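Here is what TrEMBL records for this protein:
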DOMAIN    343-400  domain 'VWFC'
DOMAIN    682-724  domain 'EGF-like'
REGION    760-780  region 'Disordered'
REPEAT    763-798  repeat 'TSP type-3'
REPEAT    822-857  repeat 'TSP type-3'
REGION    880-907  region 'Disordered'
REPEAT    919-954  repeat 'TSP type-3'
COMPBIAS  920-929  compositional bias 'Basic and acidic residues'
REGION    920-963  region 'Disordered'
COMPBIAS  930-939  compositional bias 'Acidic residues'
């Protein structure tokens with residue numbers, strides 16, 4: 001389907017009218033709506049379930065209690081004003097099933113209605129209720145915010161799509177067409193495309209007909225019922241939206257059938273309102289060979305110019321009248337300063353005297369009573385004629401006189417409005433048969449007309465709203481997901497602006513309370529060394545219940561953790577080396593017959609292997625003993641063993657161990673050994689200044705066993721990783737100026753967006769480079785934060801319907817006064833307007849704990865208050881009285897508190913040990929103060945090296961045994 005443009009107007013030759021949708025088209029030719037299939041559907045002749053008249057399928061007629069019939073925009077169809085919404089019948093259940101089936105088959109619907117809504121009112125056009133009266137979706141016209149809202153609920157969460165600047169609530173007839181298809185939502189008012197949205201998800205897939213009811217004009221509450229006239233309210237399927245718009249006097253021009261121009265090109269087409277041309281394009285400079293207008297056209301033009309003179313004269317008169325009214329207004333305002341005029345009333349820019357009456361709209365009359373405005377519905381007097389008429393804009397029926405009685409012909413149709421947007425004028429005329437009648441009265445009438453506000457919008461790119469709160473976890477135990485969403489409505493992209501970049505939905509991993517884990521055996525260990533090398537011994541092996549450990553009330557492993565077997569069953573041989581006959585360190589070789597033989601002496605010794613002596617001491621008789629033995633601390637010891645080597649002659653010390661620094665002495669004789677002892681000290685880069693910390697950082701020595709042996713920390717007033725430091729005036733960890741960012745840097749190297757105010761999170765909602773902590777307008781909507789009712793959401797208009805100082809754009813109950821914004825179930829819908837406050841799928845009026853999640857609704861004492869929120873769950877106390885406010889009801893409050901920690905004995909997890917905080921890390925019902933094993937890992941707290949974290953293996957790699 002190609003691009004298309006829309007134009008509106010009756011079938012006349014009055015001239016072109018252009019309407020801009022997504023692109024700009026020039027449409028000159030106007031045509032009548034086709035009499036095709038869609039037209040027949042509107043006339044009620046189609047029975048293929050493509051068009052559903054909601055008045056007809058709801059059996060609403062002039063006899064319906066609570067419905068009052070009027071003459072509407074289309075005289076062939078009834079129009080109704082509803083005054084008793086409790087009496088309105090819903091759509092028949094079989095028809096509702098057909099509508100929802102068609103909606104899902106068509107992946108959406110077309111909703112049309114003609115409305116004349118009372119000024120500044122808010123009301124529901126159509127609404128679908130689910131079981132228990134819970135709303136599934138509704139279409140709401142909000143006159144105060146000037147929006148049309150598509151409201152739907154998915155998984156208990158409310159979603160609102162707001163079409164702005166719709167101008168519906170002005171007591172004028174308007175045709176609306178709401179097209180939902182797939183994930184797209186388009187709204188047309190008249191023939192103009194107001195806006196388009198992409199839905200978060202196709203809500204129509206979740207609509208249910210079982211237990212559901214579909215109402216026209218009836219809202220969820222008394223304040224949300226529709227106020228005004230409704231006509232031609234329908235759901236349409238299997239019909240292109242172009243055909244629907246054509247049937248409502250809009251023209252659809254294919255892109256290839258009309259000349260198009262760039263959206264940025266400005267086109268001025270100077271054509272008389274009464275002349276038709278079939279030429280669209282650039283005007284040439286060459287003059288034509290003949291006049292472009294026929295004599296008949298020129299004659300018609302002159303006639304209209306004469307009529308224009310009359311219109312101008314009327315405008316001059318109207319301007320004079322406005323000037324006089326302004327003078328009167330100025331005098332009235334001046335008189336208000338006098339104390340005698342304090343009882344006057346002011347409404348809609350007009351001043352009224354005390355006791356003065358005036359008409360607000362067609363059916364409402366107001367009176368000023370001592371500065372208070374009292375309004376009531378007009379009571380219509382009885383009429384004397386059989387067929388009274390309802391005039392447009394009037395509430396009461398009237399008897400119309402016959403035009404033939406005074407000689408005048410019937411009035412002609414009103415002319416086209418003199419403007420295409422804003423307020424203009426229309427005229428109509430009549431002729432007089434002066435031969436037989438005096439014909440008193442005017443022959444021409446002029447009235448004001450309004451075609452809606454002129455489009456003053458500008459092109460703007462879309463912006464993301466704030467993220468919604470995270471949803472509850474998708475599982476009750478173990479690992480699940482949480483979700484949050486955001487909308488591209490801060491601001492909404494319009495007039496070709498770019499859509500928001502990125503995703504409107506995020507998910508994260510969440511962990512509920514751990515699920516029970518049954519224990520499983522790990523692998524068997526290798527067999528231990530046999531207890532005997534011969535003659536039969538025992539070997540054993542073990543296994544541990546740690547694959548996995550039993551946790552969170554899981555079952556322990558079944559079976560034994562030790563296994564044993566017989567080993568080395570052969571007879572033992574005779575081994576002469578078992579008596580260690582050789583010198584220490586000398587190999588001993590035995591024979592099967594029991595004989596043995598020693599190997600050579602070690603290096604630096606001499607002898608037969610059984611007896612060995614030091615070569616040095618033998619060469620130098622003054623040293624009868626070995627130097628390393630005579631001076632036991634000449635060299636550095638590791639694990640108690642001296643690192644000293646006897647040489648020929650003398651001795652020398654081995655180098656200091658790795659990560660140690662020191663000397664390596666050597667020499668001959670005991671005196672030299674005692675004089676030059678080896679000293680080895682752990683390396684310390686912080687002490688010897690061999691570190692590479694920044695000059696504004698501190699070197700912190702960790703240990704010569706750690707790698708690295710030290711760490712660097714920037715001093716107070718500086719930020720970085722210690723190797724790179726920059727000044728940080730506000731001490732929030734972010735430097736005043738950009739630092740060099742190393743690979744995989746774990747420090748903050750970007751410049752602080754609020755150098756003088758601590759803001760470690762660097763939040764910057766409007767991405768203007770200035771952090772929210774020091775940005776006077778965080779959302780960049782032109783309203784400073786201290787006066788912005790949505791400081792973190794773009795809302796320059798500051799709409800606040802419920803006057804709770806929280807703007808409608810960020811209010812979780814925009815139509816209910818709730819300044820605290822409490823949302824118990826964190827689903828984005830505040831408690832003040834939620835039908836299920838705690839999110840347990842049980843409506844508030846049926847929930848015995850409306851503020852506590854309790855799906856089982858258990859109520860042991862049958863007092864109407866669920867156990868989850870009952871202050872005496874075992875004793876019947878429906879009034880829940882608690883005089884001392886200790887959260888224990890008076891019925892079961894004995895005030896016995898042995899340990900005097902503020903918790904009654906029967907509610908204290910350590911009744912005999914004072915523990916006001918009631919901390920219980922392993923959630924076993926026994927507080928840590930009296931639990932001998934706080935982490936429930938089977939290791940008593942006094943022996944547990946991690947008292948609050950389960951660790952059965954008690955693994956301690958560094959040997960520090962901390963707990």
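Counting starts with 1 at the first residue shown.
Even glycines carry a Cβ here, placed using N, Cα and C.
Within the chain, the repeat 'TSP type-3' (822-857) has long-range Cβ neighbours (under 8 A, six or more residues past its boundaries) at 132-135, 156-158, 468-472, 811-813, 815-816, 864-869.
Long-range contacts of the compositional bias 'Acidic residues' (930-939) within its own chain (CB-CB distance under 8 A, at least 6 residues past either end) are made by residues 909-910, 912-913, 915, 920-922, 924, 946-952, 954. Restricting the average to the repeat 'TSP type-3' (822-857) gives a pLDDT of 92.
Beyond the compositional bias 'Basic and acidic residues' (920-929), the same-chain residues lying 6 or more positions past its ends with a Cβ under 8 Å from any Cβ of the stretch are 513, 908-910, 913-914, 935-936, 948. In the repeat 'TSP type-3' (919-954), helix, strand and coil residues by DSSP number 3 helix, 0 strand, 33 coil. Secondary structure counts, DSSP: the region 'Disordered' (880-907) has 3 helix, 0 strand, 25 coil.
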